[in-house]
Amino acid sequence: MRGSLQAKQRSFPWGRYLLIAIGLSFLAIVVVFPLLNIFYQAFAQGISAYLTGIRTPEARHALFLTLAIALIAVPMNTGFGILIAWILARYSFPGKFLLLLIIDLPLAISPTVVGLMFILLYSQTVGIFGSWLEAANIKVIFALPGMILTTMFVTFPFVIREVLPTLQSMELAQEEAAQTLGANSWQIFWRVIFPSIRWALLYGVILCTSRAIGEFGAVSVVSGKLIGDTNTLTLHIERVYSEYDTIAAFACASLLAFLALLTLIGQELLRTVEKPRDFTP
């Protein structure tokens, strides 16, 4: 049966080529051409126009704010993500299934709804905790803390969902052996657990970072879109594009695309460097 199927595939190679052509065409239309068009439009009027678009004070502040939010949100989600993944992989407790559902909740809820949720919690005018925050002179909504919280919410599942399957597939024998030899919890994590989860963790961090940098919906609701204050790069792109400054919009969009490509290239370089070590006796 298998031999006849292979013979049939050799008799009709056009079917295989047709499937490959369809797949490549789909990727080109949906991913490659739009990405290349961003860079083409960004440099359509020359390098000087491109540099003008990304050197404005508003664009520089938006880029700085975007990176600052990511540098706070991603490490926080990474630390808590590893901890929660460890708890889910190693312990059984009532409500575990509910916790797994809660972890996936940010992937199912619209980012706009997420922003509204945080407004109804932390706004000083209509929020549940608004009066307490106002008394303590703490501003969350239309300020940096609210933008960080919403970014953490929408990026929360990525590290957990990448690390959890790896932890679940690990055997406890190595950890128990290390504990028997006198290793403490910190040593067990760095010398036994981390080498096994590092690639899953790296992939989760990359996904988390890309999502944090490119977040628009939730941040737009809680930021107030204050130019030079709470405008992230995605919000800045939306503003300049709505003002018909297409060169500046595509120039800043190319920065986001470049950051995403840079993280992927970095991942592959690290994988190439680490791969020979994995087989070192």
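Keep in mind that glycine also has a Cβ here, set from the backbone N, Cα and C atoms.
Just so you know, TrEMBL annotations are computer predictions that nobody has curated.
Annotated domain 'ABC transmembrane type-1' per TrEMBL: 63-265, in sequence order.
The transmembrane segment annotation in TrEMBL covers 17-43 (among others). The list of residues near the transmembrane segment (17-43) in space but at least 6 beyond its ends in sequence, with Cβ under 8 angstroms from a Cβ of it, reads 50, 53, 246-247, 250-251, 253-254, 257.
Annotation source TrEMBL lists transmembrane segment at 63-88 (among others). Beyond the transmembrane segment (63-88), the same-chain residues lying 6 or more positions past its ends with a Cβ under 8 Å from any Cβ of the stretch are 54, 96, 99-100, 103, 144, 147-148, 151-152, 155-156, 158-160, 163-164, 167, 197, 201, 204-205, 208-209, 212-213, 219, 230-234, 252, 255.
Among the features that TrEMBL reports, transmembrane segment is placed at 97-120 (among others). Away from its own ends, the transmembrane segment (97-120) comes close to residues 84, 88, 126-128, 140-141, 146, 149-150, 153-157, 160-161, 215-222 of its chain (Cβ-Cβ under 8 Å, at least six residues beyond either end).
Listed as Cβ neighbours of the transmembrane segment (140-160) (distance under 8 Å, sequence separation of 6 or more from its ends, same chain) are residues 65, 68-70, 72-74, 76-78, 80-82, 84-85, 88, 103-104, 106-107, 111, 114-115, 118-119, 122-124, 127, 133, 201, 204-205, 207-208, 211-212, 215, 218-219, 221-224, 226, 230, 232. The transmembrane segment annotation in TrEMBL covers 140-160 (among others).
Among the features that TrEMBL reports, transmembrane segment is placed at 200-227 (among others).
The transmembrane segment annotation in TrEMBL covers 247-265 (among others).
Tertiary proximity for the transmembrane segment (247-265) is limited to same-chain residues at least six positions away from its ends with a CB under 8 Å from its CB atoms, namely 35, 38-39, 41-42, 44-45, 49-50, 52-54, 56, 59, 62-63, 206, 209-210, 213-214, 233-234, 236-237, 240-241.
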